[in-house]
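Positions annotated as DNA-binding region by Swiss-Prot, on the basis of sequence analysis: 392-459. Look at Swiss-Prot and you will find 269, 273, 296, 298 tagged as Zn(2+) 1 binding site. Here Swiss-Prot flags 293, 296, 313, 316 as Zn(2+) 2 binding site, drawing on similarity to another entry. Annotation source Swiss-Prot lists Zn(2+) 3 binding site at 308, 310, 328, 331, citing similarity to another entry. The Zn(2+) 4 binding site feature in Swiss-Prot is assigned to 358, 363, 375, 379; the stated evidence is sequence analysis. Annotated divalent metal cation binding site per Swiss-Prot: 603, 711, 965, in sequence order, evidence recorded as similarity to another entry. The compositional bias 'Basic and acidic residues' annotation in Swiss-Prot covers 39-54, 87-98. The ubiquitin cross-link annotation in Swiss-Prot covers 234. The region 'Disordered' feature in Swiss-Prot is assigned to 39-98. Positions annotated as zinc finger by Swiss-Prot: 293-332, 354-383.
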């Protein structure tokens, strides 16, 4: 008797005679003795177990199978028909899915970082790869001030593994306790060695037939192999798999529906969110779905977007993540509250413009979603009263005694009203509305002190310092950015208040003070200079075409563009200029023209080598070019009125750096290559006028440049003259050394930049076909092309240094009585020097130096020093000569040292000619052994040219290079402070910091800060010493202010 199969099995097309009677039993037997490799994934098994518990018996639970013996075999012949190709394909795909599920189950037992199995490690603890860090790690990171808050960031920082792009089917989702311990040891300060669990990152691949992970998992346990049932039909297997898949799809659909209902219950937002049914327009279903929350299916309220690009209401997604775990409710991709972001603005604008119907009765108004809350609150105001009536129960607490959460709950209605008002009237500025309301309440209750403090905070002038004050403190105390940031964090952590401003606020304040911020214009435009005004620090070598044939320039140079730097300097002095105009009874609206006199200085520095920084091999010497705004006048009527004059022209606080280069000043080619563009800008500015808006009015400025801050070595270099040992002794006149020694006093200034250029052309072309000596005598020592125009003058500082060096030599010769023995040996002269050094150290506390400097010269040139030296000289006659020589020198010195000799030392100025002639007479008689037929360069300039320069310029000391020399000390200090890995950036830091140090705007803040700081101390200086406290603005005095 044939047994007919049900049509659902797919065999109804086969005739009854070929169907075996024991097919049903064979199916049960296959289910009972199924091979291990055909087992289902754990998730499917659990689902089937749940279904079976609901009262749906499966084949395994059938009592008929349990009664049969296990060893019974059926003789089922091979079926005479082929299975349908569709069934074979579905069976193959089901096998693939089953293998993938087994692969994922194996992955869950492995560590994502090191690949070890959780079963082999000693600890059973696991940590999610995509989760936030645990409490212990968070405490450790907070101590170390690290910003990482999630495991992906921490794993990327420690192991250099990016887990954000992981896929669950390829990568494990957890890591082991060993890797967790490794990260802890990495960030903890315990003195133990840290070993990485792996030398290289673990590589994970998709599942394949020869998958290593599944192969190792199968090899774990040995089972007795079972003989496959050869009588089982492939067609029956396909039929069973299809039935199983149908059941699984049904269960998944039911689970999906139940999970969606569960999420709606968790969100519980029916009272606060709007249903899509309230939309005024009947939109397509897809559009409604796109603007609806995928959890509660309401219109999106305060929408947020996950990393997998699904959009939810903020309240709904946060509640679901808290209850159901850290995964997206739509796609189950890992998701955390920190990953939520606001959608794009275009989507929000579309959402806010949707029109919805008002759900209130007797209101048929349609309003936009953006104004819905304000509209609904207007309905509530008419019905509700704000006076709370306590109807018994728990007593009502005061607002200030509540927790923050309870305060939010109680003030929720008020907060919504304030927000609606701010959105409507103040552009959404809720903070300003609340602060103003609080301020009005304080004023109404006569609490004006608190009101004044609140008003200061609202204006940004609270208890903290202004960014400009903080910048002034940082610059004047020589703090680098990193040092200031450490101080800022320390003060904020200790006091709990933000007294100092963060670095980004200081950088915004810097931009206003640095060149390249203020717009300006030149009339006519500068020749060969760009018209752009936003030019900051530029490379000093920019514009140089470097080729194989060119001279190799091994240097690093950074500079400002000359015109941009002058504009920044003038804007920095804006208050001083306007105040000067008011002091001269001039109107503020006068637009000029103003005439600005600029002193230029340039000097070389030796031994600036540093042992750090990458970059090219550059000379261990530097050259600095700087300028000082000396005087500003305005044309008023027929005269020029002075509105500004630099009070301390030789201070480093007013000597602004323009160009820094690591080069040797003796390297003529490098010097001309870097300074030539700067000189070209200077020459272009001479014939043009600057149009600059100052005080809201467009004003005109003209510039006069005076190159006086050069020592004699650099003057000879840039004016094309021979070196200092030349026969032509002077840079101001054509006298030779012999002529100057025979005529010590009566000379006049004859040299000029134009004349030097003409003489260079004669030297180059030799038009008269003369010999070298004749040609040299004709051009008076000009041997190179002059490229910088300098003013024929004397540098007061180097004049002091040169004259002190000569007096130091005279002291040695007098100790050895060289007037008796002019041909002494070198050993004797060294002995005289050693005797002098020892005596000066003992009597005057002057330590011997290798090279004369300004401080040593200042201490050496005194009457006390002469008296000490006279103790070593036996002859009384020589005592008198030496004392008279020093006395004459000390009478002449104030004339070239003072900024305005006509006011400061008029008597010395009147007697200068007499004193210089007497000084020259002493040199030619009493000290004839030293000055017969020769004289030093600075003695010649001191005796012959000082009165003429004073008559022409009014001063020598004010135009000296002392400010630039002090700037050299600042350069060394800034270079140590701003040590960087790259020498290029280091030079930029030094130039920028030095420019800020010379800012008058910052100096005013710093002076006010000093005065405020000193006002807290009661120091009676007159009672203690009777002297005034002299705090000079120099790097040495600034050491007192270091933090």
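Cβ atoms here come from the backbone N, Cα and C positions, even for glycine.
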Residue 328 (Zn(2+) 3 binding site): secondary structure state under DSSP, collapsed to three categories: coil
Coarse DSSP state, helix versus strand versus coil, of residue 313 (Zn(2+) 2 binding site): strand
Residue among the binding-site residues 273, 298, 310, 379 whose Cβ has the most other Cβ atoms within 10 Å: 298
Chain-internal residues near residue 269 (Zn(2+) 1 binding site), provided their CB is under 8 angstroms and they sit 6+ positions away: 296, 298, 301, 313, 315, 316
Between residue 273 (Zn(2+) 1 binding site) and residue 293 (Zn(2+) 2 binding site), the C-alpha gap once rounded to whole angstrom: 10
Spatial separation of residue 308 (Zn(2+) 3 binding site) from residue 711 (divalent metal cation binding site) - C-alpha basis, Å: 71
Average pLDDT across the zinc finger (354-383), rounded to a whole number: 80
Composition by DSSP (helix, strand, coil) of residues within the DNA-binding region (392-459): 50 helix, 0 strand, 18 coil
When distances run from the Cα of residue 358 (Zn(2+) 4 binding site) to each of the binding-site residues 293, 308, 603, 965, the nearest one: 293
Count of other CB atoms lying within 10 Å of the CB belonging to residue 296 (Zn(2+) 1 binding site): 27
For the binding-site residues 308, 316, 331, the one whose C-beta sees the most other C-beta atoms within 10 angstroms: 316
Residue from 293, 308, 331, 375 whose C-alpha is spatially nearest that of residue 603 (divalent metal cation binding site), among the binding-site residues: 308
Residue among binding-site residues 293, 308, 328, 331 with Cα closest to the Cα of residue 363 (Zn(2+) 4 binding site): 293
Secondary structure of residue 603 (divalent metal cation binding site) (DSSP, helix/strand/coil): strand
Shell list (Zn(2+) 1; ref centroid = CB of 269, 273, 296, 298; cutoff 8 A): 267, 270, 272, 274, 293, 295, 297, 299, 301, 313, 315, 316
Position of peak Cβ density within 10 Å, selected from the binding-site residues 313, 328, 358, 363: 313
For residue 293 (Zn(2+) 2 binding site): intrachain residues, at least 6 apart, with Cβ closer than 8 Å: 267, 273, 299, 300, 301, 303, 311, 312, 313, 316
Number of helical, extended and coil residues in the zinc finger (354-383), per DSSP: 15 helix, 6 strand, 9 coil
Nearest of the binding-site residues (308, 310, 328, 331, 965) to residue 379 (Zn(2+) 4 binding site) - Cα to Cα: 310
